[in-house]
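Take a look at the structure set out below.
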Amino acid sequence: MGIREFPSGAPRGKSIAVGMRRSPDVSPRRLSDISPQLRQLKYLVVDEAIKEDLKWSRSVEDLTSGPVGLTSIEERILRITGYYGYQPWAASCKREERPRDSPGPAEAQAPAGVETGGRASRRCWTCSRAQLKKIFWGVAVVLCVCSSWAGSTQLAKLTFRKFDAPFTLTWFATNWNFLFFPLYYVGHVCKSTEKQSLKQRYRECCRFFGDNGLTLKVFFTKAAPFGVLWTLTNYLYLHAIKKINTTDVSVLFCCNKAFVFLLSWIVLRDRFMGVRIVAAILAIAGIVMMTYADGFHSHSVIGIALVVASASMSALYKVLFKLLLGSAKFGEAALFLSILGVFNILFITCIPIILYFTKVEYWSSFDDIPWGNLCGFSVLLLTFNIVLNFGIAVTYPTLMSLGIVLSVPVNAVIDHYTSQIVFNGVRVIAIIIIGLGFLLLLLPEEWDVWLIKLLTRLKVRKKEEPAEGAADLSSGPQSKNRRARPSFAR
């Protein structure tokens, strides 16, 4: 019964299976009898099947439990090496027949492990539920942004057939901004646990403008410029709808994302990102191609210039807001937008009156005004701004931005059936290029790091799968018996 020597040229990973043969007619030896083979274990590469057995083995604390612990260590080494036909269930049955006063470490850890696993599974389930809820709200917000933006654009186009007054429509819709703060306060009363009076909430939100709150100086220096930019953005957008179709208007307005990046890079010294420079180049190329799609006619060129100017005003509004005021909470943003509505009522009202008497924007009688279209457009625009400013509370900002670019195909479908738009190859390519640039601008700043991590994980998984398959093929009925050991040891 001499012990066989390992051949020098044999692979180390399979030395256990080659060097230690089973012998059913010989009982297991003592630990001291196989010490030469144990010294060679440190040179062996442990395969996946043995690693699985090691996971089921007891901890090192068994060494402190006297002879029983030493016996269990011997048995485990014999079981792992598969030496001389060792049968683990026989020793396990013998060990179970011994009287024990207290459970061993493995049994003491079992309930804790089960409890920990239950907590982890509940935590994962809670996280998954929270993420699913956020994604569900994200889909709802995307649909709301897309429908409100596309609906307001189409309704404005329809209104101009009966009421050719884009600035008056802008003024009328901007007046509805006054409702932002009252609507916010209603939500605060319904949802907040610490309810405040309207005056208290107003004073707390006024701290956004400084220690002195909303003073006359702050009103004219920090609110009035944004009121002018807001009015210009909407007026130029609506005036462009009169000149060109709504599909071109909506897709060209998506370029404001690229303008925001360029202005932020120049003014705010934001981080330089090559992918966003590419997106800005795509946006500019799309504008040129959109102009070329209609053959550089004066009518279309003016409309495209108006939309690009509107997108530029929107970008300037966002960058200046971040530069002068920083970031605002929900209540502060609602108060600021309400102040813009107040500014519009107090200081912009004179302009529609002047345009009316100069017959630049003239209507014969107030009965001819389509009040339904005007109110519908104002409600849709108010809904769009509410969801765009406060939707971040329930979902991801990226999903909200997707609603704007998704309004382009919606407007394209509507224009296809309601107008004489021609979707030639140049126009389609321009729409795709601008949309692609918009999507590139939605990438987070650390997108390259995340992409590298994802590719690394995929490579690791591809390497692990063949290794697991080879381990399953190399482990025969012996490994299956060893993996079934916990059912016998219970």
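Placed from the backbone N, Cα and C atoms, the Cβ positions cover glycine too.
Predicted automatically and left uncurated, TrEMBL annotations should be read as such.
Now, the feature entries from TrEMBL:
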type	residues	note
REGION	1-31	region 'Disordered'
COMPBIAS	22-31	compositional bias 'Basic and acidic residues'
REGION	95-114	region 'Disordered'
TRANSMEM	135-156	transmembrane segment
DOMAIN	137-291	domain 'EamA'
TRANSMEM	168-187	transmembrane segment
TRANSMEM	208-230	transmembrane segment
TRANSMEM	250-268	transmembrane segment
TRANSMEM	275-293	transmembrane segment
TRANSMEM	299-321	transmembrane segment
TRANSMEM	333-357	transmembrane segment
TRANSMEM	394-414	transmembrane segment
TRANSMEM	420-443	transmembrane segment
REGION	462-490	region 'Disordered'
COMPBIAS	480-490	compositional bias 'Basic residues'
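Long-range Cβ contacts of the transmembrane segment (135-156) within its own chain (Cβ-Cβ under 8 Å, at least 6 residues beyond either end) map to 169, 238, 241, 246, 249-250, 373, 376-377, 380-381, 383-384, 387-388, 391, 394-396, 399-400, 402-404, 406-407, 410-411, 414. If you look at the transmembrane segment (250-268) against the transmembrane segment (208-230), you find fewer than three C-beta pairs under 8 angstroms, all six or more positions apart, and that falls short of contact. Remote same-chain residues near the transmembrane segment (208-230) are listed as 174, 313, 316-317, 320-321, 324-325, 328-329, 332, 335-336, 339-340, 343-344, 347-348 (criterion: CB distance under 8 Å, separation of at least six residues from the stretch ends). Listed as Cβ neighbours of the transmembrane segment (420-443) (distance under 8 Å, sequence separation of 6 or more from its ends, same chain) are residues 245, 247-248, 251-252, 254-255, 257-258, 261, 275-276, 278-283, 285-287, 289-290, 292-293, 398, 401-402, 404-405, 408, 412. Long-range Cβ contacts of the transmembrane segment (299-321) within its own chain (Cβ-Cβ under 8 Å, at least 6 residues beyond either end) map to 225-226, 229-230, 232-234, 236-237, 239-240, 242-244, 248-249, 252-256, 259-260, 262-264, 267-268, 287, 290-291. Remote same-chain residues near the transmembrane segment (275-293) are listed as 248, 251-252, 254-255, 257-259, 261-262, 300-301, 304, 308, 424, 426-427, 429-431, 433-434, 436-438, 440-441, 443, 447 (criterion: CB distance under 8 Å, separation of at least six residues from the stretch ends). The predicted model assigns the domain 'EamA' (137-291) a mean pLDDT of 90.
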